[in-house]
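Please read the structure below before turning to the comments.
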Amino acid sequence: MSLEIVILAAGQGTRMRSALPKVLHPIAGKPMLGHVIDCARQLQPERIHVVIGHGADLVRERMAADDLNFVLQAEQLGTGHAVAQALPFLSADQVLILYGDVPLIQLDTLQRLLAQVTPDQLSLLTVDMLDPTGYGRIVRDDQGAVQAIVEHKDATPAQRQIGEINTGILAVPGKRLADWLGRLSNDNAQGEYYLTDVIAMAVGDGLVVASAQPLDAMEVQGVNDRMQQAQLERHYQRLRAEELMRQGVTLLDPQRLDVRGEISVGRDVLIDVNVVLEGRVVIEDDVRIGPNCVIRDSVLRRGAVIKANSHLEGAELGEGSDAGPFARLRPGSVLGARAHVGNFVELKNARLGEGSKAGHLSYLGDAELGANCNIGAGTITCNYDGANKFRTELGDDVFIGSNNSLVAPLKIGDGATTAAGSTITHEVPAKNLAFGRARQKNLENWKRPEKIKK
């Protein structure tokens, strides 16, 4: 059967106390709405319709994609009214209704829900709660069949004792939806058009109302304030940490890892505390990551080591290479096999060949280094003239003395050496020694200045 999905994302989120629309607040670095859309896409629907209201332009701008149809709900008059805004665009056999502020919903749960939908049967997602205050209750008959959903404010004292609640997630036969929505009334305590009233209508029309429950109740936890957002963030991170450990990663403290992207890991990886992984990160076998590191959109080849307090973005570390502590590798940085970048070294768009080393206190930008080069402490590539960037190219086996300024554009040949304290402005041929400093002079019997007596 064909499927279309409606995601309700029009709410203001007053309790978030933010100018940002609630559904754009992040979980693991991605807008909550983005998590819901990603899950919805895995169901391969004909179309995904996103109902927007508060902050509509910003939501549309941030989440724009070819497979999304944004539908405006100018006035927020309830969930039933919100779904009705998408009716002109719906033609599928099944319609699944999701929520942009319920970001942890899982594919397996939705598949089980949809499997129960037929032309004469709809299915809703429920969950049992110890404290169901504020939620709509699932009312069943003596045989256990769902009869209705009663919102908390409209519930009788007896109905408020019910622990099974409505999550709001619902899958219905598409051809029935327009009729039900057209019959909704706002004659209730909230003065809104409740989507949940569809359940009683379906029962009255002789349809069966099936139900399913998620394996983890946190899947259907919504976000209304910053505390709930933080709860879901930690729960999500716990799930990601457990997933990594099942794949053979040792986490010294699973509660002190943040994963904010798509991570691929090998076996026997060790990750210390307070590590943040963002974007697309590939970590091969036997990699070691020290504490307090941030790694974004990077590739760590087999046996690479990242030492404490290092920051990598758009970088690649070759097999057996290492960086840190306190190293910064910016986009375009590549370390060859067994290359080494030490403390307080910054690379930007720089490649170090196999076995090359920059041990400490250096900046290498827009540079290409061959194999087995040694960069002395305090060396910088002067790559910017205030208007344009220029490259520095070193051959194999180059030795750069300490405290060198390499003024680009510059080429230094294989096996060349530069003296400590040099400013190198011209090409250095292979196997040459280059001095780029003033000759030392010693003044005999020099007397230091004395303070003037006042």
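Using the three backbone atoms N, Cα and C, a Cβ is placed for every residue, glycine included.
Keep in mind the model is a prediction, meaning the values are calculated, not measured.
Per Swiss-Prot, the features are:
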{"type": "ACT_SITE", "residues": "His360", "note": "active site, proton acceptor"}
{"type": "BINDING", "residues": "8-11, Lys22, Gln73, 78-79, 99-101, Gly136, Glu151, Asn166, Asn224, Arg330, Lys348, Tyr363, Asn374", "note": "UDP-N-acetyl-alpha-D-glucosamine binding site"}
{"type": "BINDING", "residues": "Asp101, Asn224", "note": "Mg(2+) binding site"}
{"type": "BINDING", "residues": "Ala377, Asn383, Tyr384, Ser402, Ala420, Arg437", "note": "acetyl-CoA binding site"}
{"type": "REGION", "residues": "1-226", "note": "region 'Pyrophosphorylase'"}
{"type": "REGION", "residues": "227-247", "note": "region 'Linker'"}
{"type": "REGION", "residues": "248-454", "note": "region 'N-acetyltransferase'"}
Who are the chain neighbours of the region 'Linker' (227-247) in space, where the CB to CB distance is under 8 Å and they lie at least 6 residues beyond its ends? 16, 25, 27-28, 103-104, 218, 221, 254-255, 257-259, 263, 265, 267, 271
Which recorded positions from the set Asp101, His360, Ser402, Arg437 come within 10 angstroms of Gly11 (UDP-N-acetyl-alpha-D-glucosamine binding site), judged by C-alpha positions? Asp101
Between Leu8, Ala377, which of the binding-site residues has the fewest other CB atoms within 10 angstroms in the structure shown? Ala377
Can you check what DSSP calls Gly100 (UDP-N-acetyl-alpha-D-glucosamine binding site), collapsed to helix, strand or coil? coil
Among the binding-site residues listed here, Asn224, Asn374, Asn383, Ser402, which has the most company in the form of other Cβ atoms within 10 Å of its Cβ? Asn383
Taking just the CA atoms, what is the gap between Ala377 (acetyl-CoA binding site) and the residue listed as 'active site, proton acceptor' in Å? 5
Under a criterion of Cβ-Cβ distance under 8 Å and sequence separation of at least 6, what residues of the same chain contact His360 (active site, proton acceptor)? Gly342, Asn343, Phe344, Val345, Ala377
Of the residues named as acetyl-CoA binders, Ala377, Asn383, Tyr384, Ser402, Ala420, Arg437, how far apart in Å are the Cα atoms of the most distant pair? 22
Within its own chain, what residues at least 6 apart in sequence put their Cβ under 8 Å from the Cβ of Asp101 (Mg(2+) binding site), listed in sequence order? Ala9, Gly11, Gly13, Lys22, Val23, Met32, Leu33, Gly222, Val223, Asn224
Residues near Ala420 (acetyl-CoA binding site) in space but at least six apart in sequence (CB under 8 A): Gly376, Gly401, Ser402, Asn403, Asn404
Pick out which of the binding-site residues Gly11, Gly78, Gly100 has the most other Cβ atoms within 10 Å of its own Cβ. Gly100
Restricted to the region 'Pyrophosphorylase' (1-226), the mean pLDDT of the model is 95
Just to verify a number: CA distance, Asn383 (acetyl-CoA binding site) to Arg330 (UDP-N-acetyl-alpha-D-glucosamine binding site), in angstrom, no decimals. 15
Which residue counts does DSSP yield for the region 'Linker' (227-247) in the helix, strand and coil classes, in that order? 20 helix, 0 strand, 1 coil
